[in-house]
Amino acid sequence: MNSASRDPQVVVEVLSEALPYIQQFSGKTVVVKYGGNAMTEDTLIDSFARNIVLMKEVGINPVVVHGGGPQIGELLGKLNIESRFINGMRVTDAETMDVVEMVLGGLVNKSIVNLINQCGGKAIGVTGKDGAQIRARQLHVEQQNPEHQASEIIDIGHVGEVESISTDLIEMLTERDFIPVIAPIGVDGEGNSYNINADLVAGKVAEALSAEKLMLLTNVAGLMDETGEVMTGLTTAQVDGLISDGTIHGGMLPKIRCALDAVKGGVQSAHIIDGRVPHAVLLEIFTNAGVGTLITDTE
Ligand SMILES: Nc1ncnc2c1ncn2[C@@H]1O[C@H](COP(=O)(O)OP(=O)(O)O)[C@@H](O)[C@H]1O
Ligand SMILES: CC(=O)N[C@@H](CCC(=O)OP(=O)(O)O)C(=O)O
């Protein structure tokens, strides 16, 4: 349905219903993690960009942290470099790190910036190296060794975890009405680059900014129970239980862990939402529709 065929009365009622949400969130910071899997369709990317600009126009401060795993995989494939993951983290040798920087800091970052700007926003794209805003250290992953029935620490190259976030640059940009768009690349004191899982960066950025909300846009309807039903309104204690009984596994594990850490660290709420739904961000902020999974720190 195009806007001309909608009942004008319905349009103004919808706008009016958004008023309490606009009042509640105006002046607050919302960190949105845009995953590479949710970036696959042009219409969805366009609706995402429009949602971000609308948030800014009504006084909310959106900060975008993006992924781009499938896009990195595509370029590695063209270069005949194999993609390998351990515990959901890409094994990143020096050659792969160059591709990660090119794809995340270049192609993906600038295409999101461009789309937001096309919708009338003022987006600025940066990586964690700009202003050394994401300080990182090497991440060592623990993996079970089936031969020795013991876990061992393995080196997966230039993969990082967040050591600290400096919010100066983000705050300077938001104060001047720019929308920061951040690629998840960190740097250590010696100037070495690190490839960091985008969910982890989004969670730490939300924590450092004391954000009102952390939204993780993914390609599933939310956190699901063993029957495939979406679960919501979960407390941190319930999530801890679902991790230990194995209901939460694979790529959802780092996502949920970072959502939990964020709410424990002072972010009001974290939401895992379906980026395949048009206007998923607006549905979450301005309606009571209850999309995806909500995690708060209320016990
Ligand atoms: N309990 C669960 N509920 C939903 N998804 C789950 C669950 N446990 C594991 N998963 C997996 O986690 C995936 C989402 O993580 P991931 O693929 O890393 O997303 P993204 O690329 O958006 O960061 C889902 O596609 C699903 O395969
Ligand atoms: C260490 C590590 O795995 N980094 C990720 C960074 C991108 C990312 O997280 O992208 P999505 O959100 O689209 O999955 C990678 O190389 O794929």
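The backbone N, Cα and C atoms fix where each Cβ goes, and this holds for glycine too.
A TrEMBL annotation is a machine prediction, not a hand-curated record.
Among Asn195, Asn219, Asn288, only Asn195 appears in TrEMBL as part of the substrate site alongside Gly68, Gly69, Arg90. Of all Cβ atoms in the protein chains displayed, 31 besides its own lie within 10 Å of the Cβ of Lys33 (site 'Transition state stabilizer'). Largest Cα-Cα distance over the residues recorded as binding substrate, namely Gly68, Gly69, Arg90, Asn195, equals 12 Å. With all protein chains in the displayed structure included, the most crowded Cβ environment within 10 Å among the recorded positions Arg90, Lys255 is that of Lys255. For the substrate site, the Cβ centre of Gly68, Gly69, Arg90, Asn195 serves as reference, and the other residues of the chain with Cβ at most 8 Å from it are Gly36, Gly67, Ile72, Gly73, Thr92, Val100, Val103, Leu104, Pro184, Asn197, Ala198.
The binding-site residues listed here are Gly68, Gly69; among them, Gly68 has the most other Cβ atoms within 10 Å of its own Cβ. It is 10 Å from the Cα atom of Lys255 (site 'Transition state stabilizer') to that of Lys33 (site 'Transition state stabilizer').
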